[in-house]
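Participant: Quick paste from TrEMBL:
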{"type": "TRANSMEM", "residues": "A:6-27", "note": "transmembrane segment"}
{"type": "TRANSMEM", "residues": "A:34-54", "note": "transmembrane segment"}
{"type": "TRANSMEM", "residues": "A:66-86", "note": "transmembrane segment"}
{"type": "TRANSMEM", "residues": "A:142-163", "note": "transmembrane segment"}
{"type": "TRANSMEM", "residues": "A:197-220", "note": "transmembrane segment"}
{"type": "TRANSMEM", "residues": "A:226-243", "note": "transmembrane segment"}
{"type": "TRANSMEM", "residues": "A:250-271", "note": "transmembrane segment"}
{"type": "TRANSMEM", "residues": "A:277-297", "note": "transmembrane segment"}
Amino acid sequence: MIGLISYLVFFTTVATILSIAVLGLNLQWGNTGLFNGGVAAFFGAGAYGTLILGGTPQEGHIGGFALPYPVALAGGMAAAGLLAWLVGRLTLKLRHDYLAIATFGVAVTFENVMRNAEWLSGGARGLRGFDRPLQELFASPLAYNAVFLGFVVVLLVATYAFLQRLVASPFGRLLRAIREDEEAAQSLGKSPARVRLISFVTGSVIMGLAGGLYGTFYAFVSPQDVLPILTFQIWAMLIVGGAGNNRGAILGAFLIWGAWTASGWALSRYAPVEAQIYAGSIQYVLIGSVIVGMLLWRPQGLFPERLVVSQRGRHPVPAAAE
Amino acid sequence: MIQHLVDGVLVGAIYALGAIGLTMVMHMLRFANFSHAELLSVGAYVALVFDKLFGALAPVLTAKIGPLSMSFALALAVLVSMAVTAATAVLIDKLVFKRIRERGEELSMVFASFGVALIVRNLIGLAFGLGTTLYNSDIAFAMVLSTDPLILVRPDQIFTLSAALVLMVVLHLVLSRTTFGYALRAVAENASLAQVAGVNLRRIVIAVWVIGGALAAAAGVFYALTNQITPMIGRDLLMPVFAATIVGGIGSIYGAALGGFLVGLAANLALVVLPSGYAPSMPFLIILAVLTLRPHGLLGVARA
């Protein structure tokens, strides 16, 4: 029973953290129409940033600044934002292909640098020496994990509330306007490149937050955590949930993460031993099929974006009729 | 240093073949096709299958061609592979991209291409195993071009470079000297106007996939011949090939050919100063440099 509960806590924590990353992607893709092929890099920048800033000194690489946890987490988010700003500044003025290629390239390069730059990231062995904040206050790991789950849920709710307000605000209307008809927005004196950059950086900072929490939860991060498959998983979550709908994004995250862990468990349990090394390939084919299948048969996702009328006509609908 | 230059040109020819097909697709169908590099893997493995098949049917074909590690069977298999890979590209378009294109969602096509890449790459892994293999396990001895400085080149590399150049010249002649070439360029310039002039757009789209698939197959076999065959060929060549299209300017066929060589050279020269572990990062750095200095590439034109 305790085993089941601690597994549920573990599962929900990871799914909640991934939901935050999906919300960040939803701002970029769902609300602004920006294609981010390198979610793993921005997630990773948050994780590595947080652990380098908040960790204890280690031999062989920089870091271990042992900064207070909120500062370290904010630093990780800032690292993700900075990376997004660098890429976005160069590509957001160009055709959308360039952003797709450049962001994918960032993810490849980020993983490659983290794997090789031992002085920075500990290399392929990963980054250790991070003490989870306030851990000494809790007697059992389960109690700590339960409280940590509460913490990430609060951050998920805060991110959700922030994005809901953002999307409903005049800025959110501007994002949708640019997504739907860039030239029309431009004719009204708006600067699409600037607005896109703001949205891209904000979404990436949110992914950085998710990465920072992920690193905190495991107190460890390695290049294995920032492989391109993470990007594909997070996309599948968004597209299953329904791009443009924040609630759908969160539900999609739980659904896909559940399907991913369940398929992994089923393969490890029921697949013959000699087929075990192919379990990863089978899961990748499944994720790819989910993405392609959804795009072909239900591109609006399970929970489509609800289109809103920003300004009603001069005669508002009577309250009784609503 | 000179060895790096030589290696850069040799691998650059392979990037160029991949990039030419990719840039044509990106120009005509207006989306960044992340599954294009998987066609190189498809080509390499289809050639492997037919190489074994021809070798088993007619053992005389397993004789090697001159100093190459390539046999007559493999040479035939390359031609078959180009046809099969071209058909695969058309089939993927029919199954996935065409349907999404008809709904008019360019960005969804980019998205879908990632899904297709993931499916193709891992199906190849499931079918042929995740390990590496070779067309021919004999050791290919390198020729010493000069001893001081030491420059080594394998006959296979000379062959792939020449074959790649021949393919590019053939493509150039087709594009510049035939009615079909004119039609293709007309569609690239202005699809609606070309249709008014009686060009069948559907056929041109199929032709683009056939050319892209065939060149990708050749590039895949050449890469596999000079390196090794793995299901990760597509993953490893994706960024260099994209970098080549951006260096040349998206949509420019000649730019893509030039870009392929430049990316091969730049990536190899960078390894003079950087540890070789950083090689996978090179294409991205090249892309960043191009976007900073000349966003539309060497031969590209600005397009909305």
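Backbone N, Cα and C define each Cβ position, glycine as well.
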Participant: Under 8 Å between C-beta atoms and at least six residues away from its ends: which parts of the chain pack against the transmembrane segment (A:66-86)?
Facilitator: 41-43, 45-51, 53-57, 106, 110, 133, 197, 200-205, 207-209, 211-213, 215-216
Participant: Compare A:197-220, A:250-271, A:277-297 by their Cβ pairs under 8 Å to the transmembrane segment (A:142-163) and return the stretch that comes out on top.
Facilitator: A:197-220
Participant: Could you check whether the transmembrane segment (A:277-297) packs against the transmembrane segment (A:226-243) - three or more CB pairs closer than 8 Å, residues at least 6 apart in sequence?
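Facilitator: The answer is yes, given that the two segments have at least 3 Cβ pairs within the 8 Å cut-off.
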Participant: Do the transmembrane segment (A:197-220) and the transmembrane segment (A:226-243) share at least 3 Cβ pairs under 8 Å, sequence separation 6 or more?
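Facilitator: Between the transmembrane segment (A:226-243) and the transmembrane segment (A:197-220), which are separate recorded stretches, there is no contact, as judged by 3 or more close Cβ pairs.
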Participant: Would you kindly list the residues that approach the transmembrane segment (A:34-54) from elsewhere in its chain, counting only those six or more residues past its ends and only Cβ-Cβ distances under 8 Å?
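Facilitator: Those are 21, 24-25, 28, 62-69, 71-73, 75-80, 82-84, 87, 92, 96, 99-101, 103-111, 114, 120-121, 127, 130, 133, 196, 199-200, 203-204, 207-212, 214-216, 219-221, 225-228, 230-231, 234-235, in sequence order.
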Participant: Six or more residues beyond either end and a Cβ under 8 Å away: which residues meet both conditions relative to the transmembrane segment (A:226-243)?
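Facilitator: For the transmembrane segment (A:226-243), the sequence-distant neighbours (Cβ-Cβ under 8 Å, at least 6 residues beyond its ends) are 18-19, 21-22, 25-26, 29-30, 37-41, 43-44, 47, 104, 107-108, 110-111, 114, 249-253, 255-257, 260, 284, 287-288, 290-291, 294-295, 299-305.
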